[in-house]
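Here is the structure we will look at.
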């Protein structure tokens, strides 16, 4: 298959195409470009132009126990969610690529439904469901809630990787004496690792900036950065929120870059 | 002569996915130790399913599989200690050649030194020592197949299964590897079950060939048996070229029968134990056994040339008989040049070269 190079297209197609893509990207970036610089405004106002530039909001972010506690919570919950969602999602994907899986299409639809169902509905449902179980206002409850939202990302990325996986390799491994677990660990996992890693990063990101579930399920002990930002918006609006946002964006961008590089090396 | 012991036994094996259509039907097969058995048949004939049941990747719906006299059909593949070579090689792409070959030994927990020694021995056997540190993607198809072979043999299984291992290679390479596989199998005294749809491969490599069709073995025997003495019309048509003519037995003369073609002409052929007068039969005669001439002799058949095809070393002459049947004869001489389309010819053969097969 020969790939068409864009410079081969005639100018009357190429220029509008570039322009359209440029505008679309700009639309995605513009809100960030407007909001983020305010985090280095020396004054506590959300207005341009700045009178002076300072890192005081970042200092405040990292010195306030309210914010540092929220950051620790966010990381703990996101990492736990990532581990649980990656394991569950990978196992689900392995089962769901098997054409003999009963009611495969229906189960697949169910597995990725949390991406489609409104989170408010899920959150309310979980809140009611968790009450008799005592899972509201607990770390476990928040991790379960986030796992529900994060697993579909893993299912989708791992399924995509597995469709290119040659299952004869698992037969070959079995024929050479490897049990199922050994064969999975030594043959399948190393080959599908990029898909699993990509799914894990999406899972992390989806938990790390999640706010709706947290508003329903989390108590004061489980206050995460997005929840802190949300309360901050209502109670004491100052650019610390934007400093927190900048840190979160930086962190997730780094993760994405790592994943991109890991995928490219293969 | 001492019979070698039975290594693999399949008794009353059937395989069905839906309960009524059978992929393999009541299969009975005994494979001797050190034997090279080829399962030959068209696709969908059940030969690969049979191999997969031996390997443990498919489970028979009924019947018993034994290895060295012990039933194995309930054992998972990883406990069977059977070597397997796959059609698409199935090499692990993330491992080097040496890691691929050593995989079975690592899984068995051998020490690094033992693994290293046996891997280099196996790679030397397939002449790939210099490529040990390459990844499979950096190898040619033939080299990948050699790695797959070394990987299947390094843990010293006594039974090796091969599923069309040379299917993806070009002709020259395929012939080289055929000889090499046979040489290695003989040297290590391996029992090999080899699946192919290439009859030349089957006839040149095997001690015995089993012809599969419709989930059943149609005939099993040496290459000479299969080629020279087909058991039924399917085998006659599948292995090599054969002219098959519908006929009716009119008399039996010792081991020969005389049969009448629909056009009224009479031919002679070897009969079977079941041949009966007035029975319908298929007369099978190979193109190379037919003598074709322009002048009258004690000829058996008259016909008309309807096509002459030049094939380099020979001519293939298509002859139409008065009853409408067509025969193909081979002629290596310049005779074909002198013949013309539509010219009448006389055909005959040694009665012992033709077979009268039961039924049609």
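Cβ from N, Cα, C; glycine included.
As the structure is a computational prediction, the values presented were derived from the model and not from experiment.
Database features, via TrEMBL:
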type: TRANSMEM; residues: A:12-40; note: transmembrane segment
type: DOMAIN; residues: A:71-260; note: domain 'ABC transmembrane type-1'
type: TRANSMEM; residues: A:75-97; note: transmembrane segment
type: TRANSMEM; residues: A:109-131; note: transmembrane segment
type: TRANSMEM; residues: A:137-162; note: transmembrane segment
type: TRANSMEM; residues: A:183-205; note: transmembrane segment
type: TRANSMEM; residues: A:241-262; note: transmembrane segment
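By number of Cβ pairs under 8 Å, the transmembrane segment (A:183-205) is matched best by A:75-97 from the list A:12-40, A:75-97, A:109-131.
Outside the transmembrane segment (A:241-262) by six or more residues, the chain places 32, 35-36, 38-39, 57-58, 60-61, 67, 71, 194, 197-198, 201, 204-205, 208-209, 225, 228-229, 232-233 with a CB less than 8 A from a CB of the stretch.
Tertiary neighbourhood of the transmembrane segment (A:109-131): same-chain residues 92, 96, 141, 144-145, 148-149, 151-153, 155-156, 210, 212-213, 215-217, selected by CB-CB distance under 8 Å and a gap of 6+ residues from either end. Here the transmembrane segment (A:12-40) has Cβ contacts under 8 Å with residues 6, 46, 50, 53-55, 57-58, 239, 242-243, 245-246, 249 of the same chain, all six or more residues outside its ends.
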